[in-house]
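Novice: Pulled these features from TrEMBL for this protein:
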DOMAIN    41-132  domain 'Ig-like'
DOMAIN    139-306  domain 'Ig-like'
DOMAIN    311-393  domain 'Ig-like'
DOMAIN    404-483  domain 'Ig-like'
DOMAIN    565-660  domain 'Fibronectin type-III'
DOMAIN    665-760  domain 'Fibronectin type-III'
DOMAIN    765-859  domain 'Fibronectin type-III'
DOMAIN    863-959  domain 'Fibronectin type-III'
TRANSMEM  1010-1031  transmembrane segment
REGION    1097-1147  region 'Disordered'
COMPBIAS  1097-1110  compositional bias 'Acidic residues'
COMPBIAS  1124-1134  compositional bias 'Basic and acidic residues'
COMPBIAS  1135-1147  compositional bias 'Polar residues'
Amino acid sequence: MLQLFWRSAIAVMVTLDKFALYALVWHLTWAMEIPPDVLQPPIIIKQSLKDHIVEPRDPIVVECEATGNPQPAFTWTRNGKYINVPRDPQVSMRRRSGTLEIFFWGRPDDYEGEYQCSATNEYGTALSNTINLRSRSWPKEVLEPVTVFVGEPLILPCHPPVGPPKPDTFWMNSCKNFQFYRRVSKAENGDLYFSYVLADDALTNYCCTARFPNANIIQRSSPVIIQVLTMRMVAEKAPSFMYPTGRSITNNGPISTGISFPWRGRSWRTFNKRIRIKAVTLGDSGEYVCTASNKMGYTEHAITVTVKAAPFWLEKPSNLIMSRETNGRMVCRSDGIPRPKVQWFINGEPFEGMLKVSGDTLIFNAVNVDSTAVYQCNASNQYGYLLANAFVSVMDMRARILGPQSQEFKVIEGTMTYLHCPYFGSPTPDLKWSKGAVGSLEGGRFKVFKNGTLEIRRTKLDDEGTYFCVVSNVLGREEKQIVLDVKEPAQIVRAPYNVAVLRGGEAKFDCQVTFDLTIILKDGESLTIINVNKKDEGYYSCTVRTELEEHTATARLRVMDHPEPPTELVLSEPSERSVRLTWRPGDSNHSPIKEYLIQVKEEWWFPSGWKNLTTYPGNLNSVVLQLSPYLSYQFRVIAVNALGQSPPSHSTEYFQTGGAVPDAIPKNIRGVGSGLWRNNLEITWEPLDERDWNGPKLRYVVWWRRRDSREEWKNITTMWWWHTIYDTDTFTAYEIKLQAMNAFGYGPESPVVIGYSGEDYPLEAPLNLGVSDIESTKLTVHWEPVSRNSIMGELKEYKVRPTINQKTYSKGFAATGPRLSGELTGLIPYSNYKMYIVVANNRYEGPTSSTIAFQTPEGVPSAPRSFKIQHRHLDSIYVEWERPAEPNGILTGYILRYQLLNATREERVREEQFPPNRTYFTVPRYDRYTRYKFSVAAMTQVGMGEMYTEESPHFTSDSKYVWQTIRRCTPMCFTNSAMYMSNHHIFIYVCISVHKAYSTDQVDIVTQGWFIGLMCAIALLVLIMLVVFFIKRTRGGKYPVRDKKDFTMEPIDDKDQEGSFDYRYVLYEEDIRQLQRRRGSVEGIVRRMESDDSLVDYGEGGEGEFDEDGSFIGEYTGTSKRQGKAEQVYHDSSETTSPGNTIYTLA
């Protein structure tokens, strides 16, 4: 291991306080602006860098721009020789500019050199810097392979193209970025250092690459190949240094590269092989020692650092505007290490003795027009130079104000206000500011600058008004008027605040502002966003903008929603029973993720659906999942926040865990005899679930042996979940155990289970069967048990089988104690029984015991089978009941209890007793509202049985036929309806049959309004139907009615010339069929509804008549009631009509 340490051995520590002060503080002087229309010498305003690097394939542009009046002329020199631009076809100069453009067709090296531009007019000549033009190119050359022995050091030179800026260098091997490490590193100049070479270093080629950040250009050197010569043994060596070129480092100028690092701005790089010092000062000069060591020894290398600096400006010379016979001076102050030498030039030419020079100052005395010229100051040392142009212009010009003479400004109260008044004149004019042409503004909140600007701090409304700027010199005077208008500031009095809403909700931002009413407001004050979605999220700014100012308040809208699904699911650390799942959390949508739900899809024989595996806290994104061996899994993750679940993530690829021996033990292991054979033992168990197999080729190993024997365990391996052992003794105990196995090995053994071989019929019957404690419905039965050996199996129960009326049922009893007994319930009282008992094992029953007989005593009877309440007479109520279905003995009589329900006071309960052969009773009915509550029960000698309770209903009067008008009608009597027609008036009378039976209400239904309305509606519907039928029958003409003429209801010829017409109702086929279907029921209703006072009978004895108002004026004609039941044939139909459906018509 090679270790590097740095230590600083600085002999002298120099402080640079004064040096730094000059470097940071510039002496600022004001130069009066010369109007463009004033004659003046040229001055350089734009030029290329001193080191001008061009790309080999790009055109060369060397910039040089200058101002002056009159317009200056430009000339160029290259390496000190004049360039004749018009004669060189590849060189041109831009119009009204000195910028040089070179379009070359040869090598760019032909135009490399030092260029300088001159701008000249009649008042002087200005010079540009010396521009060193170079082409940036990496020469293409074929490099010979480098041969080196294994273990030897090696340096591959880089030599990148020149800057500026200094290129970033890096190395590539086989077109890939080379990764540096402790053995191989890069030097500051780009060279590649190998501390020692290995054989693997020859497997690729190496090329140095330079990247120029500002130009965004990358250049690459030709590749080099290393040939490594191997040796049998590489000797270990003590460290030695690979020195960079030169033994000393000179850092020209302040260094600003590198990063900050503790210990006085130094940082170590390239595995401590390089130290970088940030912001070099003179205090960093000294000797630096690098120490390298390994187990074979160590060595040191000293580097002496000397800090030097190129010249830099402390004060540049400024242009001078002077009048005749005045004095002045021009300062050119610079510094550097070593201190630069200053030289003065006039119009590009050196001068000696013409002017007075005092150090870095040029002194002018009693100037005249001939003193007008451009002066150059050159400060240089061995590391660089500085060149500056400044002119002296001698003129006499009266004071003048540049720009408009009158202006108006609007400003905001409380801000800094600047009123500008640029001026010019020679000699330099005097400047004065006043408000309202009174007094002078200077001091306090007012400040006047030399360039003519008036500064007003914290402007107030009182500062409104007119301001005057006055400039004057010996040649004249001029003033400027500025009107200042101060406005109240606009303010956001209520700024919008951050809003968090649910997706689909509404977001509202309020922004209330105040502003000066004389200023136009550009934007609104409120913003509402409906149906917010994810795209609406962001920052919203409320801007109040006037012509003078602008204020902005910003609020953030956050849209809360279900989280985004996790991404980039990765499985790692696989094992037989676990795997690590890692994911990248999705966006929580501003509601913190509470937990992650892991879902899994398993695949064994067939893939399963997605199901939940487990959950983890929301601060985790990498978990270890516990799995089962030898299963294929697919995972996905769902994020959950307070608003709900995210959509599932993309699922992982299927991952299969490794196999393992089974973990589970088969459950429900049993051993019993089976089938028809009695000498076998069937061992069964529940098969393992597929998840518990843990590998392929699952099998079960079954072990068994006799209990309490010294036999060896027998076993068999099977793929099924049962195994049968044959040739066993009857009902013999076996010890059984089981274990699962697969291709990876055996699982754990199960606990030992006791099983029994097949059972046989029991050999003995129970003895001494008897009963005691006999009651009407239960008794106690007892017997003596059989011997254990005679059961031939496991004792299950004793079965008692009682028989009554040739019906036998069974009840089982458990076997406990030396003499067994049990309670037999559910017996029928007053019955004769026979009973026997058997013993049973799990498969068979033994022989029957001797049969015994017994009788149950009487019990109380059940309730009577039925109870009827009848209203046979108006003044009594008749009740009747039937015998009980279960007398449970000999009946001795009945008890009847009754009580009035609707009495004004509470009536006592009355009781009547009857012999067993009487099952009826009559109670008085005092009025139509009399009701009773009855309860009846049967009795035996044991006692009274269950009561049967019933209440009498409401009874009304008998039924009768009543002829009423249409105001009271019922659809029950349409078969007995009569219709009369006289003088085109139709009268319908409906026979209402009111059958008043009992009901649960005390109000007659016939008197109810809803019933009357229903009947009237039905009658009105019938009337409308009859009218429609008549209209269809009489369509096409008028038919006279024969007044006061008797007629019979006989068929009338349709061809009667006198125009008579039959008004009888004609039934269509469908109506006839409906009437025929109802014929049977209607006839029965008619027979029940007929009475002696029927109006039909009144028509048998003579004729009756009706007046125009509907009174009798004629008589019934045709047949009598009995004759009406005979067959009648209608004129328009061949079908016969039912007597119950006959409709009487009159004309």
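In case you wondered, yes, glycine gets a Cβ from its N, Cα and C as well.
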Novice: Is it possible to list how many residues within the domain 'Fibronectin type-III' (565-660) are helical, extended or coil according to DSSP?
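Specialist: The domain 'Fibronectin type-III' (565-660) comes out at 0 helix, 51 strand, 45 coil.
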Novice: Take every residue in the domain 'Fibronectin type-III' (565-660), average their pLDDT values, and give the whole-number result.
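Specialist: Reported value for the domain 'Fibronectin type-III' (565-660) is a mean pLDDT of 91.
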Novice: In the domain 'Ig-like' (311-393), how many residues does DSSP put in helix, strand and coil?
Specialist: 3 helix, 51 strand, 29 coil
Novice: Please work out the helix, strand and coil residue numbers for the domain 'Ig-like' (404-483) from the DSSP assignment.
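Specialist: So the counts come to 3 helix, 45 strand, 32 coil.
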